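Some features that TrEMBL has for this protein:
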DOMAIN    1-88  domain 'S1 motif'
DOMAIN    104-175  domain 'S1 motif'
DOMAIN    198-263  domain 'S1 motif'
DOMAIN    282-353  domain 'S1 motif'
DOMAIN    370-439  domain 'S1 motif'
DOMAIN    459-528  domain 'S1 motif'
DOMAIN    554-627  domain 'S1 motif'
DOMAIN    649-718  domain 'S1 motif'
Amino acid sequence: MLLLGCIKEVSDYELVISLPNGLSGFVPVTQISDAYSKMLSKQVAQGELLEDLNSLPDLYSPGTLVRCIVTSVEKNADGRRSVKLSIDPKKVNKGLNASALALGMVLSGFVSSIEDHGYLIDIGVSGTHAFLPHQKAQNYIKTVLRGSDLKIGQNLNCVIVEVKNEGRVVRLSIDRSEVAASLATERQNWTLSNLLPGLVVKARVQKVAPLGIKLSFLSSFTGLVDFMHMDPEKSMNYSPDQVMKACILSIHPTSKVVRLTLRQAFLHPGGSPNQLSNARMGAVVEESTVKTFYKQFGAVFELDDGTLAFARLKHLSKNKKSFKPAAFKTGCKHKCRIIDYSLMDEMCIVSLKYQIIEAQFLQYQDIHTGDVVQGKVFALKSIGMQVKVTDGIKGLVPSMHLADVILKQPEKKYNRGDEVKCRVLECNPTGKKLILTLKKSLIQSKLPVLSNYEDAKPGLVTHGFVVCARDFGCIVKFYNDVKGLVPKNELSSEPISCPDKVFHEGQVVKVMVLKCEPQQERLLLSFRLSGKPASEDKKECTPKKKQDVKYQIGEMVDVKVLKKKDNGLEVSILEDEGSVTAVIPTVHLSDFAANCKLLWHCLQEGDVLPRVMCLSDKGEHIILSRKSAVISAVQEEQVVRSFSEIQPGMLLTGYVRNVMPFGVFVEFPFGVTGLAPKVSMSDKFVTDTKDHFVVGQTVIAKVMSTDEEKQRVLLNLKVSECSSGDSAAESFALLNQYFKEMKEIRNLFRRRAESGMAQGLCELVPGKELQLVVQDVKEDGSVLFSGSCVTGLTVTATRYHLGGE
């Protein structure tokens, strides 16, 4: 189908075209012209920018009329139709051949090359050589292009001024007065197969009806003008046999129906329709008056400033049931909102829907960096997750921003249609680019949003996220791609030898600006929020007991060991300059009971422990945990925050609070507890509950049932029942974590070992082969060994590990 369209928006990769009746279409960069596509291919092949290849924004500007052909109509993932178009003259003018070309014809053409005496123009007619002499382009270059030359790929409205050799050679003009004065005539021998949109014709009224007018033109053709394309000044005054100018809007290829417009802006080729000022877009009009109601299409309104607006049927009410035709009699007044502007119809498009009138955002221009927005999960892709903010606004949450930690399987946490609360990291309305984050620490942050280098004043404290941790320090990013460096000496008050072991990609951090050079886009930052040099920090007295700051459960902090107590470690929280103290119970040093005791033994005063999670904050007593399984459950939102959220069948990560003869009490983050009775404790037969579990042990529990009245939760701890599916992967992950912690303990031992025995113990790693001597065989079949490499250590092997010896 051939259509006349008007360029609405221009980006590097496509043109957005306004089509008649409020529709829109898209012209991809590959559908401009042959010459332009060849240059694009050459640039891609060479891998460098070509000097004579201009971008689409250099060649096209909004408000220009173009002839297009529909190449496809596709359904988007959200069910809306997308119209793909081409303005390539080979497709638009495909109905024309060399012999059909005649004087005075107005055609679309593209500059395909620049010659000494003029320009070669591609008009898409095979076997025809079209030339535009310099003198026929001077007026256009001077008035329209303000002196700048024509460029390859530029679209032009050309009029044929000379035809030679039966159409094999034609001379063209783009002089505005010659183009504007041209009319399509019978002498040009137009046929239904080569008729073009954009032609201006003399037409005679055949019939006038409420929804439009039937016209005859070029002696044998008939066409229709619908109600949106009658001249608003004369819409009620048309009469049969009246003669007037009309412009062809579209030609349907199969039904051969021709539609025309009588609007003044289109009655001179090369003209341009009126545009709406950007300030009116999105405006709410308290009183708009119904001018005409069309029961199949919608209603035309007159707005408060006298301009006309159209509301489609589906935008007149919330749904079909609530629609009342009686409310749209001529003169009735309604509240509406301008949601778009149709250049081709020179009308605002409005909506009367309450949810649209009240909507916070209508277009990308309404959204600002740092805004918190609600959206729905639209699609999960390899680069991240698409979120639909409104019908016309979609954003991307990059993989790094799906949670406070990097999610390995985001599809387990998010489903299509889920409501999510995001914060805008970057918004570029011209490129329709919206980057969002789902990191709770950023969404809930009350600190200033840093979105440009000019605002980065020394002393400013704000939240950012780590994008890189290397030997030289950390690179931290903020909003609108603003980024800065935290040098190694500003990472902590304690020296950190390997930043990549302490900080990870995507980690949300609180930083202070030390120095900024906006012109060079250079930013120097510090994690040491006190702003004092390292030497002064050393003089600080022991931490005060004042607890001004309230910590959220799940918040990650870095701590320094102050004191070792019988039941755990007393630590100070580094983020608050060491002024807040907390406790890590021994059982919360690791997911593995054996490692808890070892870690307590190895750690000393002054040691820094990164990324410890707040488990509870009751004023004076802040309890922290290093259990990685519990931390990851909280960060991946696989937790319940209250009794009401618990559902039977849920798998929850928690820790043993108490072991009783009748069962085990398990506590989960956020304070919910449950009981696993003796029968549901283990796959083995349980005689004594203490043989199976110890206080503080990390467990995965399955919810069997809940009793709301008694606020009781019954759990199952059987391993066979508590796997989420891939038990092999889960077991390997646990084993991996265990060995990682053993390596950490071994390194601590190695650094601090004074005796040769302790050093020897550090050298014993799983998988190492030893030469040993049997010392004793016990009653239960186990064997005691000795050897020079294990002096002072007790070495045993159970009867199951004797390998048949």
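Keep in mind that glycine also has a Cβ here, set from the backbone N, Cα and C atoms.
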Report summary line: Taking DSSP H, G, I as helix and E, B as strand, the domain 'S1 motif' (649-718) contains 9 helix, 35 strand, 26 coil
Report summary line: Checking 1-88, 104-175, 370-439, 459-528 against the domain 'S1 motif' (282-353) for Cβ pairs under 8 Å, the most are found for 1-88
Query raised in the report: Mean pLDDT over the domain 'S1 motif' (554-627): what is the value?
Result: 85
**Report entry** Helix, strand and coil counts within the domain 'S1 motif' (282-353) (DSSP)
**Finding:** 7 helix, 36 strand, 29 coil
Report task. Take the domain 'S1 motif' (104-175) and count its residues per DSSP category (helix H/G/I, strand E/B, coil), listing them in that order. Result -> 12 helix, 34 strand, 26 coil
